[in-house]
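*Asks:* Okay, here's the structure, questions in a sec.
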Amino acid sequence: MPLLWLRGFLLASCWIIVRSSPTPGSEGHSAAPDCPSCALATLPKDVPNSQPEMVEAVKKHILNMLHLKKRPDVTQPVPKAALLNAIRKLHVGKVGENGYVEIEDDIGRRAEMNELMEQTSEIITFAESGTARKTLHFEISKEGSDLSVVERAEIWLFLKVPKANRTRSKVTIRLFQQQKHLQGSLDAGEEAEEVGLKGEKSEMLISEKVVDARKSTWHIFPVSSCIQRLLDQGKSSLDIRIACEQCQETGASLVLLGKKKKKEEEGEGKKRDGEGGAGGDEEKEQSHRPFLMLQARQSEDHPHRRRRRGLECDGKVNICCKKQFFVSFKDIGWNDWIIAPSGYHANYCEGECPSHIAGTSGSSLSFHSTVINHYRMRGHSPFANLKSCCVPTKLRPMSMLYYDDGQNIIKKDIQNMIVEECGCS
């Protein structure tokens, strides 16, 4: 959090420095509060008068983040045709029909992916023995009950092959989902292979794979669509039948040892085609137990997934909020050396932080802030004199494409450049 605040304070501080420079009529302004971000709330609300100062602060901020003392001197710009051709060839950006360059914001996409991964749960469910031979039962964890969007789902099966096998190099393994249906409830148009069982059950082919039968190894069967349908129906139980017609010919066997399988059932399986986990030590067989690997997340509209966002300043609230501010590089005369993007979202935080919202959920992401505020409200030293500040609580990166002094084209990814949310420290 200190690094987060530092980046956020930098832009705010630049504005404060510019604002505090001696100007006619400035003597009447009162001293700034204890923290720079809080001072933003005391600045004049007339945007036209404040804009030039804010633009100067933005310029200083961008140069500082690019480690430049001054803007590059582009005296002889690269011809437009050569520039656009280089961008196309190097894949550092996209050139629109109007000739404008749109930068490939790789870092922004990575940040979105990282945020998405943080919200994704990974669940591994080991198989239990099904009600019949060559069947497996998976009971998805209660953790999965709040998940509705399947990112990936795979069933892992271990194929054991005898060393002497040379008869066949490939075998086909099929996975069928077993479903119970009421009489007449089965849809005739389902895109799957279905076999009626006493009019009460059906089987749907959910995965099929041709595998190498010359070595013992794990094989992965994708079942994302099947699990997605299961979650959409509000179910958590999955019954699978495994079929491998050529396995008996090769002597290969799929280890289908579930955690409810009894020893007498194991012995019976050894006498048949070996698909029930024939041969080998029981402990070793257990290490090859089938499992389901599921990666899933909550949907965008899930009520528990929505977290409170920081307030947007709309002119009607005085408490801590995010102020939108966009600076066009063309308007400030910087489009001659900054190729892309077309401008900078110089958002900043402003507003008051009353004690009743400081450190509360949604206004700050810091547990530390909540604890400090708890003691501050009760007048406990040394926290009694500390004041809560309106600061950035979420920042996002920005990619820039620009010329340096040597007419070289630079693409730089800058972390924590744009304020996304604000809260009270």
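We number each residue from 1, going along the chain as drawn.
Every residue gets a Cβ built from N, Cα and C, even glycine.
When I checked Swiss-Prot for this same protein, it listed these features:
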SIGNAL    1-20  signal peptide
CARBOHYD  ASN165  N-linked glycosylation site
REGION    259-289  region 'Disordered'
COMPBIAS  263-275  compositional bias 'Basic and acidic residues'
DISULFID  CYS313-CYS321  disulfide bond
DISULFID  CYS320-CYS390  disulfide bond
DISULFID  CYS349-CYS422  disulfide bond
DISULFID  CYS353-CYS424  disulfide bond
*Asks:* In three-state terms from DSSP, label CYS353 (disulfide bond) for me.
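*Replies:* Going by the DSSP assignment, CYS353 (disulfide bond) belongs to neither helix nor strand, so it counts as coil.
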*Asks:* Would you mind sorting out which of CYS313, CYS349, CYS422 (the disulfide-bonded residues) have a C-alpha within 10 A of the one on CYS390 (disulfide bond)?
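*Replies:* Of CYS313, CYS349, CYS422, within range: CYS349, CYS422.
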*Asks:* Cα distance, CYS313 (disulfide bond) to CYS353 (disulfide bond), nearest Å?
*Replies:* 14
*Asks:* Tell me, how many other CB atoms lie within 10 A of the CB of CYS320 (disulfide bond), whichever protein chain they belong to?
*Replies:* 30
*Asks:* Within 10 Å of the Cβ of CYS390 (disulfide bond), how many other Cβ atoms are there?
*Replies:* 32
*Asks:* Sequence order is fine: just name those disulfide-bonded residues in CYS313, CYS320, CYS321 with a Cα within 10 angstroms of CYS424 (disulfide bond).
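*Replies:* Qualifying among CYS313, CYS320, CYS321: CYS320, CYS321.
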*Asks:* Can you tell which of the disulfide-bonded residues (CYS313, CYS321, CYS349, CYS424) has the fewest other C-beta atoms within 10 angstroms of its C-beta?
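*Replies:* Minimum Cβ neighbour count within 10 Å, taken over the disulfide-bonded residues CYS313, CYS321, CYS349, CYS424, occurs at CYS313.
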